[in-house]
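Trainee: In case it's useful when we look at the structure, here is the feature table from TrEMBL:
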COMPBIAS  332-342  compositional bias 'Basic and acidic residues'
REGION    307-346  region 'Disordered'
REPEAT    9-50  repeat 'WD'
REPEAT    51-82  repeat 'WD'
REPEAT    93-134  repeat 'WD'
REPEAT    135-176  repeat 'WD'
REPEAT    177-218  repeat 'WD'
REPEAT    225-259  repeat 'WD'
REPEAT    260-292  repeat 'WD'
Amino acid sequence: EDPSLERHFKGHRDAVTSVDFSRAKKQLASGSMDSCLMIWSMKPQMRAYRFLGHKDAVLCVQFSPSGHLVASGSRDKTVRLWIPSVKGESTVFKAHTGTVRSVHFSSDGQSLVTASDDKTIKVWTVHRQKFLFSLSQHINWVRCARFSPDGRLIVSASDDKTVKLWDKTSRECIHSFCEHGGFVNHVDFHPSGNCIAAGGTDSTVKLWDVRMNRLLQHYQGNSVVNSLSFHPSGNYLVTASSDSTLKILDLLEGRLLYTLHGHQGPATCVAFSRDGDLFASGGSDEQVMVWKTNFDADYGEVVKPQKYSSSVDGTHGTGVEMDGGIHHKKTKTQDSVRTHEQQEEETSLANTLEHIMGQLDVLTQTVSILEQRLTLTEDKLKECLETQQKIIQNKTN
């Protein structure tokens, strides 16, 4: 079966710039040039929420791993953290001096990495909402920055035509990939953490091994690649292009699997759900579309390490091998060793932890909002007192 259009969301009043699913797929967040953040419910007939706060175009959105927070970045140079509830309250992070193009949570939900036209990448703590440090070696706008799955590395993509790999602890740039012939719009880590994929204005998608820093695969398209997302299995990659298409690449076979035409005008963003059953896309046609994956019925099976040519267009016909290590899959025998009770205990423990993390998120957020209100109240009080002083002075005069 081919991927099929499942849902269609209309409500933005300008181009959609970014989409992301919450962990349990109950909600979908989208950002738009209309300065709004929308949260759509995946349940039919449930209303969508429109969150106002940014003073200019919202260029990036992402749910925290627990799903209890949403981060957004904007042309107004700020980053906001939202509680995706009816009230839609948010707190503001200010440190960038240019448009914020990218926000991304670390997989433990503790850190946030942001990228901006001020040519820097910044890292923040989520719970204390504190700015930690900047990475600044790019010499042009930084369009995208992502944590590796283990949180030890950061990858960034820039209009200086480079993709840079950073060590989060030492804060050093450990490698620059300079093979792109144009601006690099988007970059992300493979779920295994062993490789990265990047796409940009040179109409290519390139995959590099980050352990050996070598090019693994190169896909030549015929239009600007605006966004890409790895399927959680690590076997597929979906891209959104300016020719209005979404393309699904089979990374094991090293070939284009599907081209989907849904948007009228450039497809600007695309993202798989956390379980890979769905993917969402947004476009300059103001529409958000949700697609059923269908193409990957058997990715639960063990993936055999396969060798395949690195290239689709024949320009790199050297047959780079993708080592099997990139597909971390448990085999059947490993799984059966763990007892059912163990698995149940682990699941319930994970759920409890998840719940605690969520409560923490909300508490942090509430405290932060209260602090802001307190400051406002104090300011008002000060104003009142000053006015009173003036009145008393006027009377005595």
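The first residue you see is number 1, and the count goes up from there.
Even glycines carry a Cβ here, placed using N, Cα and C.
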Trainee: Apart from its near flanks, which chain residues at least 6 from the ends of the repeat 'WD' (9-50) lie with a Cβ under 8 angstroms of it?
Mentor: 56-63, 65-67, 70, 72, 74, 80, 82, 84, 86, 88, 268-275, 277-278, 280-290
Trainee: State the residues, same chain only, that lie 6 or more residues beyond the ends of the repeat 'WD' (260-292) and have a CB under 8 A from a CB inside it; answer 'none' if no residue qualifies.
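Mentor: For the repeat 'WD' (260-292), the sequence-distant neighbours (Cβ-Cβ under 8 Å, at least 6 residues beyond its ends) are 3-10, 12-21, 23, 25, 28, 30, 32, 38, 40, 42, 224, 226-233, 238-248, 299.
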Trainee: Using a Cβ cut-off under 8 Å, which residues of the same chain at least 6 positions beyond either end of the repeat 'WD' (51-82) come close to it?
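Mentor: Contacts with the repeat 'WD' (51-82): 14, 17-24, 26-27, 29-39, 88-94, 96-105, 107-109, 112, 114, 116, 124, 126, 129, 354, 357-358, 361-362, 365.
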Trainee: Could you break down the residues of the repeat 'WD' (135-176) into DSSP helix, strand and coil, giving a count for each?
Mentor: 0 helix, 23 strand, 19 coil
